Structures are given as C-alpha cells and as structure tokens.
Amino acid sequence: MPMPHHLSSKDFQCPNLQLLRSTRAASRIRMEATAAPTAPRNSTLEISIKKPEPVFVSSRPRQSSNLRDPETTMRDRVEVIDSMSDWAVKSLLPLLKPVEKCWQPQDFLPDSSSPTFYDEVLELQKRVSSLPDDHLVCLIGDMITEEALPTYQTMFNTFKGVRDESGCSDTPWAVWIRAWTAEENRHGELLNKYLYLSGRVNMTMVERTTQYLIGSGMEPQIDNDPYNGFIYTSFQERATFISHGNTARHAKEYGDLKLATVCGIIASDEKRHEIAYTRIVGRLFEIDPNGVMLAFQEMMKKKITMPAHLMTDGENTNLFRDYAVIAQDCKVYTSKDYTDIMEHLIQTWKVESLTGLSSEAQQAQDYVCGLVQRFRKLEQRAQKKAKPLHSAASASQFSWILKSGKPTI
C-alpha cells in the first residue's frame, strides 16, 4: 500500500543494477503517512501439526532489551515464539479458510468457455471506462503490490523462530505462512485479470513493474526479529484492508459495482489476516510486555515502510512516490490512515493501560502513546504544503495507463 509522500549479491544478476540502486536510493526517504503440505489439491485444508518439545519460558520479569546483548534478546524472543506453538494451533490457524470455502478469481470474471464471453468482456470494459485515470492508477498500484507476493513470503521466512525451515514444515508457523500466501495469491490474480480485460492498461509496463519490484525486494527493517515482524504485518494488513476498502467505495461511486465487490472481498481477506497478526502481538504482550513494548517503539521510530517502496517501471525511479501522491489525493490511502492505524493498534493492544513495565519499557510506552497527537499535528501542517507537491504527479504520466483512451475488443 502506498505511503503518502509528504510526511516525513553477488549471486543476484540484476539486469539493470544502476536502476535498482537509484530506485533504492529514492525509496530511502522515509515517509510517515501504507496448504498444508499433506492436503490434497482439491480438498479441505487438513492441518497436521508437529508440536515441538515443550519450551520453558521463565516467569520472571524479562530484563530490558537494551541492557543485554542483542543475541540474548533474540534468543529470549525466539523462546517465547516457540512456547506459543499450541496457542497458534488453537487461536491462529482457525482463521485460515478451507480451500473449498474460499472464493476464487474466476468467480468474478467472464467465463472464457461461455458463448457470452465477449459480451461479458464488453460489459466489463463499459463499467471500467467510467473510472477516472487517477483511481485506475491506485487500483494498478494495489494490484502490483499484491503481485509481489513472493517477496512477502520471503520476508516471513526471515523471522527467527517462525520461518519455514524445510519448505514444507508442519509447525503451525510454517503452515500459517504457506496458507496465508495461498490465500493472498488470489488477490493479485483477480485484479490482474480484471485490469487486463478492462482494455485500459498497458500490461507490458505493469508486468515489467511487477518483475522489477519482485527482483528489488523490500526493506521493512525487521532485522529477523519475530516481534518486529508481527508488529509490521499487523500494521500492513490493516493498511491493505483500508486501501482496498476505499477503492471498493470509489468503484461503487463511479458505477462499477462488480469492481466494488472484487475490492470488497479482497479487503475482507485482509481484515481477517489483520486480526490474525494483531492477535499474535496481543498474545506476545501477555507473555513479554517489556520486550514487545520496546519492539513497538523500535518499529514506530523506523517508520513502517510500505511493501512496494522499491517500485519502478524501468523508467521512473520515483514511481512509488508518484503513486503514493495519487493515492493520497484520491483518499485511497492517506497520512491520516497511517495515524489512524497507529491509534487503532495502540487501542487494540491496550498499550496505554499496561502496568508493571520496566523503566525502559515505560519510556517506550510514553513515546508510542504520544505519537498519535504528534502525527495529527504533522498532518495539519502537511495539508498546507500538499498542493504544490501533488500537482507534480499526474495519472497521465504513468506508463501503466494506455494513452489511446477507450478500450476496444
């Protein structure tokens, strides 16, 4: 999801290393604004969980992370994650849907085997033709972000204590990673096909952007830490829920009720995934409030970097910035949304009412709880300066949009 701009290997043979470097450099300006391996292919997801040996988690208050070396801190955090295996089976995995109960992209697309296929495509194109170019840019940006799913699964597998060690591990964390990826995969597929059929999109440039983005990766600054990672995903899933939900509302306003339904069901998936990640962090707060409070502060100080921040089409190294500006103007994802998410997470995890924290964690608590008011003030200041910046981004300048205008079939 985009982040409003106005707030503040040797083994990898990149085809255009200089472009990648310049894209990364442009993205470093931080903006404060967005089946189980044994399951048969056609059957309900059946989860066989390997439960690790019980891990003793000390009941004594944990020392402040900064008072110990990073290796000790990480070891303790992985210990906590290991102790949550049974909890994950009971409280996390039930949030996954069996494959047979999941919607599939074809449910919302013209049937190519039907004699009315061409008529259905024409009807789709007629509906999409009413969507303004700037909203179309937001939809394409959302789709490209969804299509970069391989990067996000790779990110998950950097979390110590969580990663899928074999590629088909039956630990609850590994099962979740794979099944979550499978559910998310439908989002990009559906939006991609819908936009392809619309006849308004330069699919070559869109596909090139997606390839660049997957090849570039992402820099969420999680540092392999599971606490940081789950705070990041809690934020990101809510941001995605908001973005798709706003796109659904705009599509309805412009007369494409089918697109509104498409974006709405994707938003519904994102909401369920948000619940999963916030539930994990909530449990972590119960077990290790000091450690999680410090991790929350760390991620808020770093700022939540959006997944597609290394986006480029091979021509515009400021593509993500321009996309984020359009999203802000269209109210698809805004600086206010960023602050609202922060406030929502603080309330969901009852951060303000935490007691018995170490002195360092108390300082982190004060810092995090004071951010919302600070960011609200930044929003107000930014609104006064937004116009000149926003005028620099125009939907017509995006290589994703066909210049010919009306679709033909």
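Placed from the backbone N, Cα and C atoms, the Cβ positions cover glycine too.
TrEMBL: automatically predicted annotations, no manual curation.
In this view, E184 (Fe cation 1 binding site) is surrounded by 19 other Cβ atoms within 10 Å of its Cβ, with every protein chain counted. TrEMBL lists E146, E184, H187, E270 with the feature Fe cation 1 binding site.
For E184, E237, E270, H273, the entry in TrEMBL reads Fe cation 2 binding site. If you draw a 10 Å sphere around the CB of E237 (Fe cation 2 binding site), it holds 24 other CB atoms from the protein chains shown.
Between the listed binding-site residues, namely H187, H273, the fewest other CB atoms within 10 angstroms of a CB are found at H273. Cα of E237 (Fe cation 2 binding site) to Cα of H187 (Fe cation 1 binding site): a distance of 13 Å. For H273 (Fe cation 2 binding site), the spatially nearest entry among the binding-site residues E146, E184, H187 is E184, judged by CA separation. Under a cutoff of 8 A between CB atoms, and with a sequence separation of 6+ in the same chain, the neighbours of E146 (Fe cation 1 binding site) are E184, H187, G188, L191, I266.
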